[in-house]
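Visitor: Pasting a structure below so you can have a look.
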Amino acid sequence: MRWTTFSLAFSCLFYPSESSPTKNTPPRPELLRKRTTFGTSFGIPGNNATFDYVVVGGGNAGLAVAARLAQQQKGTVAVVEAGSFYEIGNSNISEVPAFTSIFASKGVHNWQPMATDGKSILYPRGKCFGGLTARNFMVYQRGNVQSYKMWANLVGNENYEFESLLPYFEKSFKFTPPDTSRKFKNGSVDYDPTVLGDGQRLLSLTFLHYVQAFGTWVVKGLGELGFSAIPGFQSGHLMRDGSTMGQTYSIYNINVTTMLRKSSETSFIRLAMEHENFIAYPSIMAKRVLFDKDKKATGLMGVQYILSARKEIILSADFIGTPQLLMVSGVGPTDILQKLNIPVLANRPGVGQGMQNHIYFGPFYRVNAPTMSSLFENPKFAAQQATEFKNNAVGIYTNPASDIIAWEKVPTEMRLNFTEALRTRLSGYPEDWPELEYVSLNGYLGWNNDFRGGFPNDGYNYATLAVALASPFSKNSVTIVSNDTFVHPKLDPKFLSEQTDIEVVLAGYKKVR
């Protein structure tokens, strides 16, 4: 969401020390704007400052927007991020692919939103530069063609269709074909090079060197169920023409040489920092958006200080942080704002409402092949694999626990058990939009709450064939409980609150079981 000419208010997560410069005696960092030191790329907490653009949220979208603005010399650009750099925030667990599942668990490294029952819940987000691209399973995936068509129709702009967006997708990455000499013979991959770009881009994409043994059996099992192999999922087609299902090995955001994670932080912020017109504010929490008398956003407020924007403030603080910041700034449902004594700038009942997400779950099994269980329970195996990873960038540490992704619409024989009303509702999604996603996970999913300590410590290897709801109808909501952004908002996930979702989930679970 964007406004012109405004200021933002921020509160530091780490307050300046007593020896820090004050607003009354500001230093002159602009005199050293040439990148003579690494620190020149960062703003000074406590000092008011003005930029042409202020981006709130240094995640996937925020860093891409900021980097392109800086690169195109559109003016001065600042990015404000509540977290810091993940490489220094939690050792190497954000960089090594095998550790990605840790961030699907509760922990101090992440936000902990509050549910409607007053308890914190697991709802992974990215509290760092890079956002969820520094926390996710590193899969690079595009949507189906008709989903973009729906988007274009919704906003009345054909530029949002798949073919129009494809050049911009390709602009951001460099694809490297797989190194077949490092892969299992039964782990060969297929892909469509015509939609994978042709230049030296920012984000490195490739296939993994290490294929999970469990994944190779999943490929065979899915094939017997009728899932055709698709040459990657980058062409906008997730299912084979004339079929309602498809499967493929995933492409990953990964450094092709080191097999370490690539993210919007490693790609876009480092590009932006090459330009003198870019400044980053790490570990800074936005307090509220300030508006002028014409209701134009003019700045952000914070130990407290103000960052002002001559042109635009761009809110990219994800699906929880953005509505929270809007509401504490006076933009949102009037009844909620008035209860918290927040002056109502604009009554917008839709703020914080209508979010949809794809939940996932699935049965787990003991398997007779090495999985992530061995890294936690077999010190000798873990040490041997660590040596392989450090010396040759191969082995199980290069794999983020997932290999195969498959998609399908609920099969006809199961669909016949649905009510006519349910089938009609599902038909509201395009024909090429799958309802279920299947993911091979080389580890124990369990309650999806603690991947470090929640697995059975019994000496066995475990694997999961996970199911995700790809066409949800249940809608979540975010509501503030305080006018302070340091207080977590209340999240009502409402997962499976719609009978349609329940029926589709049951169909998916029956298949993988």
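Glycine too: its Cβ is placed from the backbone N, Cα and C atoms.
Annotation comment: TrEMBL describes Asn136, Phe137, Met138, Val139 as FAD binding site. Annotated domain 'Glucose-methanol-choline oxidoreductase N-terminal' per TrEMBL: 51-359, in sequence order. The signal peptide annotation in TrEMBL covers 1-19.
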Visitor: With an 8 Å cut-off on Cβ distance to the Asn136, Phe137, Met138, Val139 Cβ center, who else from the chain surrounds the FAD site?
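Guide: These residues sit around the FAD site: Thr100, Ser250, Tyr252, Asn253, Pro400, Ser402.
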Visitor: Given the binding-site residues Met138, Val139, which one is most crowded in terms of C-beta atoms within 10 angstroms?
Guide: Met138
Visitor: Can you check which residues sit near Phe137 (FAD binding site), meaning Cβ under 8 Å from its Cβ, same chain, 6 or more apart in sequence, and list them in order?
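Guide: In sequence order, the residues whose Cβ lies under 8 Å from that of Phe137 (FAD binding site) (at least 6 apart) are Thr100, Ser101, Pro400, Ala401, Ser402.
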Visitor: Residues with Cβ closer than 8 Å to the Cβ of Asn136 (FAD binding site), same chain and 6+ apart in sequence?
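Guide: Long-range Cβ contacts: Thr100, Phe103.
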